[in-house]
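Engineer: Here it is, the structure in full.
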Amino acid sequence: MSICSDNWIIEKCLKEKMIEPFVDKQVRFENGEKIISYGVSSYGYDIRVSNQFQIFTNVYGSIVDPKQFDTKSLVKIEDDVCVIPPNSFALAITLEYFRIPENVLTICVGKSTYARCGIIVNVTPFEPGWEGYAVLEISNTTPLPAKIYAGEGIAQVLFFEGKEKCLYTYAARNGKYHRQMTLTLPLL
């Protein structure tokens, strides 16, 4: 596997709609104001977070159980800014919809702007053949409240192209998060 360049990303997005909406450059300003960048970079794509968030709460005394997830553990927020409480965690969804080619695997890493503020973004790999909006897991590791800006960059996706197609794509395995259109909570 080798990492894919901006040329490859642009070509796949223009010809195969791998990312929609797609921005073929780095955007660092909007309406004359600095923002957290998004769009194509040298060897990746900086994704944006939508305005749909769910923050974990302990109001109902729930236990987080991935096998029997209790939606009372979360508070829904739809806003241009999400404030994550100290040492807390939020889920969000990307603005971009992805269609991953059958010989490609992605890895997503956080942006340094947020990382230097103690905000860690975790996203599991986008597997070959997967498509959908990506769910983002965002941790505020600081003892202070932390802001997340909707519509701005949140993480970078790196694309790795295999020498051959895999035997079973995510779609062929009927992956449980295939074609997710909303902020999907844990499924078994």
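Placement of Cβ uses the backbone N, Cα and C atoms for every residue, glycine included.
What Swiss-Prot records for Lys111, Ser112, Thr113, Tyr114, Ala115, Arg116, Val135, Leu136, Glu137, Gln156, Tyr170, Gln180 is dCTP binding site, and it gives sequence analysis as the kind of evidence. What Swiss-Prot records for Glu137 is active site, proton donor/acceptor, and it gives sequence analysis as the kind of evidence.
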Engineer: Using other CB atoms within 10 angstroms as the count, which residue among the binding-site residues Ala115, Val135 scores least?
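Structural biologist: Each of the binding-site residues Ala115, Val135 was scored; lowest Cβ tally within 10 Å is Ala115.
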Engineer: Compute all pairwise C-alpha distances among Lys111, Ser112, Thr113, Tyr114, Ala115, Arg116, Val135, Leu136, Glu137, Gln156, Tyr170, Gln180, the residues listed as binding dCTP, and give the largest one in whole angstrom.
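Structural biologist: So the maximum pairwise Cα distance among the dCTP binders is 34 Å.
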Engineer: Least buried of the binding-site residues Lys111, Glu137, going by other Cβ atoms within 10 Å?
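Structural biologist: Lowest Cβ count within 10 Å among the binding-site residues (Lys111, Glu137) is Glu137.
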Engineer: For Ala115 (dCTP binding site), what is the secondary structure state per DSSP, taken as helix, strand or coil?
Structural biologist: helix
Engineer: If you draw a 10 Å sphere on the Cβ of Thr113 (dCTP binding site), how many other Cβ atoms land inside?
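Structural biologist: There are 14 of them.
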Engineer: For Tyr170 (dCTP binding site), what is the tally of other C-beta atoms lying within 10 angstroms of its C-beta?
Structural biologist: 22
